[in-house]
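Noted in Swiss-Prot for the protein shown:
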ACT_SITE  326  active site, proton acceptor
ACT_SITE  327  active site, proton acceptor
BINDING   129, 191, 214  NAD(+) binding site
BINDING   237, 259, 262, 327, 360, 414, 419  substrate binding site
BINDING   259, 262, 360, 419  Zn(2+) binding site
């Protein structure tokens, strides 16, 4: 029996609301285990990688790196049609992220003699994590590697868990080739994150680590931020759907199941002002769950699901902004009314024909998104995650003279006499006298 919360939003208890809003938490529960693995990887390098790969992935590897021969075998084993689909998705992803590219350098003249600007510089190295385990995710390789390449990152590596036979799924390797990854390593979980953060005999240290993962991967990313930058916490997947009576119950239910089949910890929520739609979606979810190929995972995930009936569309929007979903679907008669009022969402899908899976694979937007409410403060993966910005100032003597009194006054007020003197020396002052 599938048990999901079905209630009027106004009747949801404080405990039930807290459970909904705190989904994806539990980092503290795995913190000690994660810390131990990271420490071992940092001190023991490749030997720790072998130990934990054998322990967690149940496979013993002599070499972590994927060879060119393995790449060629993977490519030869994929049908031309599937490879074309992969390239088509890659082209859309590349085009969308190219549109985000900033000017390499720009300048403005603030006042005569005062020229200010900004220089955009790509990071030197990035590590992309692509999950494995229950399924392979070549799409995540495209989503992480392509933006890094478009941004101009010099070195991009990929870590992904090995299969039981020690190989990597052929389509994942094909995606790495299509996207332009420099190297792929057969490493998963905490040990993969540690290897990219600290570097080992085999795996190079990177400046930044991006990509989604389970609670262990997310906890590892949070713990290594003192040695490598990360994109954001990206844990179990989630969708929130705002729908009214104009929505199709079968479509809404199928979108709930699409999210639920990711992981038993995935979260799917429908919030609607229509009792009729809510009841219809509930019935349809139960029917589709029984027929689904990944029925057991879906049924487990639906324990985290909810169908909430709101008093108004405004109440739906208010709950959505509080929930800050990874994916937000808007399936209402006036979607622009809702869109204009959305403050917190990782990626937004408007209308009956913009389901989350199209963004997962082929529309071109990025599917690496903040989860667990982090959409309140983080953006989904984009070009700016791979670029840093340096401010520039080019000031003439006359320009500095126009700022002189202001700088001196503020510096002296803060008790920084040498700051003030650094200005005065440019106008004849000799601090040594």
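Keep in mind that glycine also has a Cβ here, set from the backbone N, Cα and C atoms.
Comparing Cα positions, residue 259 (substrate binding site) lies closest to 327 out of the recorded positions 129, 191, 214, 327. Around the Cβ of residue 191 (NAD(+) binding site), the same chain contributes 37, 41, 48, 49, 52, 53, 56, each under 8 angstroms and 6 or more positions distant in sequence.
Long-range Cβ proximity for residue 419 (substrate binding site), meaning a same-chain Cβ under 8 A and a gap of 6 or more residues, is found for 407, 411. Listed in sequence order, the residues 131, 159, 161, 187, 188, 189, 190, 192, 193, 213, 216, 217, 220 complete the 8 Å Cβ shell around the NAD(+) site centroid, once 129, 191, 214 themselves are left out. Once Cβ contacts within 10 Å are tallied over all protein chains shown, the binding-site residues 214, 237, 259 are led by 259.
Taking CA atoms as the reference points, residue 237 (substrate binding site) and residue 327 (active site, proton acceptor) are 8 Å apart. Each of the recorded positions 262, 327 was scored by other CB atoms within 10 A of its CB, and the lowest score goes to 262. Note: the Cα of residue 327 (active site, proton acceptor) and the Cα of residue 129 (NAD(+) binding site) are spaced 20 Å from each other. Most other Cβ atoms within 10 A: among the recorded positions 326, 360, 414, that distinction falls to 326. For residue 129 (NAD(+) binding site), the number of other Cβ atoms no farther than 10 Å from its own Cβ, over all displayed protein chains, is 31. Rounded to the nearest whole angstrom, the C-alpha distance between residue 262 (substrate binding site) and residue 214 (NAD(+) binding site) is 11.
For residue 414 (substrate binding site) paired with residue 326 (active site, proton acceptor), the C-alpha to C-alpha distance reads 44 Å.
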